[in-house]
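Structure first, commentary second.
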Amino acid sequence: MINFIRSYALYFAWAISCAGTLISIFYSYILNVEPCILCYYQRICLFPLTVILGISAYREDSSIKLYILPQAVLGLGISIYQVFLQEIPGMQLDICGRVSCSTKIFLFSYVTIPMASVVAFGAIVCLLVLTKKYRG
């Protein structure tokens, strides 16, 4: 099983980043949910991953993980920080604009958007670490 995951880790990471990008765009432009500043930072980390992971999966080039792993770890850190903002009472961020970074918006009735982001970035990071070496 682990060999299967390692063999297709780039494809799985790409699929997760595509799903995250599509859900983010859906919430912003279809449901008109205005993102907070931390959500924008997470998008800055996520959106390029979709393109880069797609190209590297197509080319079976796992050496790209050296360049995109820090970006995924940064996105994970930002999303963990936002979960703390939402879950720890009294924590507030001064840079939040019109939309508070601690406002909870739920996916599937029980998972907040930042928690879904933690899961997505965490899975991408794990998959990049497990990626089978193809070239290089």
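Just so it is clear, glycine is given a Cβ too, placed from its N, Cα and C backbone atoms.
Features reported for this protein in Swiss-Prot:
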TRANSMEM  7-26  transmembrane segment
DISULFID  C36-C39  disulfide bond
TRANSMEM  41-60  transmembrane segment
TRANSMEM  67-84  transmembrane segment
DISULFID  C96-C101  disulfide bond
TRANSMEM  109-131  transmembrane segment
Worksheet item: Which residues, given as numbers and ranges, are at least 6 beyond the ends of the transmembrane segment (67-84) yet have a Cβ under 8 Å from it?
Response: 36, 38-39, 41-42, 45-46, 48-49, 52-53, 56, 91, 101, 112, 114-115, 117-118, 121-122, 124-125, 128-129
Worksheet entry | Surrounding residues of the transmembrane segment (7-26) on its own chain - C-beta under 8 Å, 6+ positions past either end | 35, 39, 43, 46-47, 49-50, 53-54, 56-57, 60, 62, 107, 116-117, 120, 123-124, 127-128, 130-132
Item to complete: Using all protein chains in view, find how many other C-beta atoms are within 10 Å of the C-beta of C36 (disulfide bond).
Response: 23
Worksheet item: When you measure from the Cβ of C39 (disulfide bond), how many other Cβ atoms are you left with inside 10 Å?
Response: 23
